[in-house]
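Q: Sending over a structure as structure tokens; questions will come in a sec.
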Amino acid sequence: MTEYLSQKIKAVSFFAIILVVILHCYNLDLYQSLEIYDSSKNFNWFVQTIISFGITRIAVPLFFIISGYLFFFTFNGNADFAIKIKKRFHTLVIPYLLWGFFGILFYYILQIIPQTEAFFTKKLIKNYSLNEFFDAAFLNLIPYQFWFIRDLIVLTLLSPLLYFITKKLNFWFLLIILPFWIVTLDNIIFTSESLLFFSFGIYLSIHNQEVVKKTISKKAVLSLLVCWILLLTVKTFFQVENFSPLWIQIGHKTAILSGIIAFWFLYDLLFKNNQGFITNCNSLFKFTFFIYAFHEPILTIIKKGMFYFFGKQEEMHIVVYFLSPIVTIFICLITGIILKKLIPKGFKIITGNR
């Protein structure tokens, strides 16, 4: 891998995790669904929808593509599977278990403090049954963003099968599983999103590595950005006009695909001739995983705290939406820097040696 591509992957991953934090800043009193929205559909709704249900939705697919690509980038035959899966135990499984335990402990402490217990509207941890505790510790973690790592663990175990299928069927395999993602047809083991984009990363790694290294003209990048914005606008129009859920999904997923391509090549336009800036940011890129792991439930606490102190007026929703990610990312970076300095070995363990 070239130094430029290595730096690009690190930088894109960092920018993508910022998008994930912003995605989770959505704070309107709505179901987390593409089809159910506040009937007023005002400016506040529009801004949060176009960002959290539009622009930021490219981040998770990008992470799965990068994960699949890197898994097989240096693949040297079947003997490598055991080595790579063993390595992922340290980079995925151990952090997953530790952060799951941290989430339970953190919430438990807050729930036994009278002043903070009132902020919890769901069942308290002290009242969990054994099954509920098991679920919170291993399946549906309190830091809910770890569904990504959970899916990645499963896909890692299935990597020999996915490699064989992708190698034999080539791009056809992606076309076969694409409809499942478009209609969000998931299973109990992993999501259709994780399967499609992890497999796409595998495809790029074993069939088309040159595409990842490719750069395109400024005009082409700008055209992709315009296409992405237009698709997001159309998708949002579908929502405003209460189109059928299927049309909203198609518009949403098409916008994601165009956005992934635009975002990837936008990096080249902005930074290919400005690598000094990226080099100066390398120290920040080291905290990408920590921001991912630590931003929730911190972000939720910050949002609830802001609403508690400043009120829940309509204008405060938009203020909290833009202010909470800044505060959260700042706290994550400061905490990460302190932990890395004070307990470097512990920091390595909880971030999977990243």
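Note that Cβ sites are derived from N, Cα and C of the backbone, with glycine treated the same way.
Checked TrEMBL, it gives:
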TRANSMEM  12-30  transmembrane segment
DOMAIN    14-335  domain 'Acyltransferase 3'
TRANSMEM  50-72  transmembrane segment
TRANSMEM  93-113  transmembrane segment
TRANSMEM  161-182  transmembrane segment
TRANSMEM  188-208  transmembrane segment
TRANSMEM  220-238  transmembrane segment
TRANSMEM  250-271  transmembrane segment
TRANSMEM  283-302  transmembrane segment
TRANSMEM  318-339  transmembrane segment
Q: Tally Cβ pairs under 8 Å between the transmembrane segment (220-238) and each listed stretch (12-30, 50-72, 161-182, 188-208, 283-302), then give the stretch with the top tally.
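A: Top-ranked stretch among 12-30, 50-72, 161-182, 188-208, 283-302: 50-72.
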Q: Report, as numbers and ranges, every residue of the chain located at least six residues beyond the transmembrane segment (93-113) whose Cβ falls under 8 Å of a Cβ in that stretch; write 'none' if there are none.
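A: Residues packing against the transmembrane segment (93-113) from afar: 119-120, 124-126, 133, 136-138, 141-143, 146, 149-150, 153, 289, 293, 297, 349-352.
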Q: Which bits of the chain, at least 6 residues beyond where the transmembrane segment (161-182) starts or stops, bring a Cβ under 8 A of a Cβ in it?
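A: Contacts of the transmembrane segment (161-182) (Cβ under 8 Å, skipping residues fewer than 6 from its ends): 72, 75, 155, 192-193, 195-196, 198-200, 202-203, 206-207, 249-250, 253.
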Q: Mark yes when the transmembrane segment (318-339) and the transmembrane segment (250-271) have three or more Cβ pairs under 8 Å (sequence separation 6 or more) and no when they do not.
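A: The answer is no, given that the two segments have fewer than 3 Cβ pairs within the 8 Å cut-off.
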Q: Among 12-30, 50-72, 188-208, point out the range having the most Cβ pairs under 8 angstroms from the transmembrane segment (283-302).
A: 12-30
